[in-house]
Structures are given as structure tokens and as C-alpha cells.
Amino acid sequence: MVLLTMIARVADGLPLAASMQEDEQSGRDLQQYQSQAKQLFRKLNEQSPTRCTLEAGAMTFHYIIEQGVCYLVLCEAAFPKKLAFAYLEDLHSEFDEQHGKKVPTVSRPYSFIEFDTFIQKTKKLYIDSRARRNLGSINTELQDVQRIMVANIEEVLQRGEALSALDSKANNLSSLSKKYRQDAKYLNMRSTYAKLAAVAVFFIMLIVYVRFWWL
């Protein structure tokens, strides 16, 4: 289930639009998650990963960044990641068309609160079970969600560093992993060459032995 949707400007974390599931409908207090979302917005910058999943216990945040705007959704952890990102892509397409040019000029929080109407309509589409089955088949062109960075929301917020730093560490780990694989391949090649050289030396010595002692 989609429980919370927020849109914010990356440059300063200013909330532009939001839609929250009513507490009595969801049976959960979403204020804590809304607070975490606002903290996250303040940590984003131009170097932050443009696609990210943040685990929050039984819930999961997903976000995308497009044209300097962050589109974030809070879902139950069991909600399919592919659908969550397809939902965010739909919001981006409509929001950018309606308000994209105005985003850099606004200074008041929730200047586009009327966008909630479209959010609610789109959310119902993704929650409906039959629609979800259809969406699951038509969104095959969505980027590989398995490659999207995954982190823990509490660790990101408590670490006190920008999300870009976390992304940098992930890239460093990827580089180290690649270097390790290259080094391992090089060592395997050296080992193979050493074995071949040993075999060659054996046969040369055998030929020399036969030639000088038996001929």
C-alpha cells in the first residue's frame, strides 16, 4: 500500500506537494515517517543518487530525482519495488508538465498542494489489484530496480552526512570489488602460466635426457 507521497525541491529541501493516507485508514501514525522524509530532503544535493530505496522497518521509502525535484513515496515493505518506481515516474511526468517551470521560483512550502488530486487518483490506480497486474506487465521498460541503491533510513539520517557521501562509498566499494576481480583474474593467469612452464621444462629435460643418454 502507498501510505505517503511527498515532492520536494532538491536545492533546499522545500516541500512542494504532499499526500498522506488518513491515519484511521492505514491504522498507523505516519507523522514520524513524514518527519524522516523532510530530514531526508534536507540531505539531498546534486550528487545524491537519482534512484534510491531506504528501508524503514516494516516500511520502505523509494525516491527518484528529476530536474532538481525529488519524488518520494512511503510504502509497506511488501509493496513491489517496480510498481513504486513506476508510480513515481508517473508523478514526475505529470508534475513536470504542470509545474516544472515554476519550481525554481516558489518560496512558500506546498505551493502546489492542489497536485494532491492527481496523486490520489494515481495512487488508487496502483493500489487496485487488477490495475497492479496490468501495470506489472506494461512497465517492462522501467529500469532494472535491482540495481537501485538500498540503504537504511535511520543510518542515513543519524550519520549526519549528505546522501551523496553514502553514494560515494557505494561507488568506492564497487570499484574495490572490480579491482579485486581483476587481481584475482591476473593471479589465476599467472598460476596457469607457471604450471604450463613447469610442464614445458619437464618435457625439455626429458628430451635432453633421452637424446644424450639413450642415443
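Every residue, even glycine, has its Cβ placed from backbone N, Cα and C.
Values in this document were obtained by computation on a predicted structure and should not be read as measured data.
Summarising the annotation, Swiss-Prot assigns domain 'Longin' to 6-119 and lists sequence analysis as the type of evidence. Mean per-residue pLDDT, taken over the domain 'Longin' (6-119), amounts to 91.
Here Swiss-Prot flags 134-194 as domain 'v-SNARE coiled-coil homology', drawing on sequence analysis.
Spatially close to LYS38 (N6-acetyllysine) yet at least six residues away along the chain are MET6, ALA8, GLY13, PRO15, judged by Cβ distances under 8 angstroms. Feature annotation from Swiss-Prot assigns N6-acetyllysine to LYS38; the stated evidence is similarity to another entry.
Taken from Swiss-Prot, the feature phosphoserine covers SER137 (among others).
Taken from Swiss-Prot, the feature phosphothreonine covers THR140, and the record attributes it to similarity to another entry.
Marked as phosphoserine by Swiss-Prot: SER164 (among others).
For SER168 (among others), the entry in Swiss-Prot reads phosphoserine, with the evidence type a large-scale study or a structure entry.
Annotated phosphoserine per Swiss-Prot: SER174 (among others), in sequence order, evidence recorded as similarity to another entry.
What Swiss-Prot records for SER177 (among others) is phosphoserine.
What Swiss-Prot records for 1-194 is topological domain 'Cytoplasmic'.
Residues or ranges marked as transmembrane segment by Swiss-Prot: 195-215.
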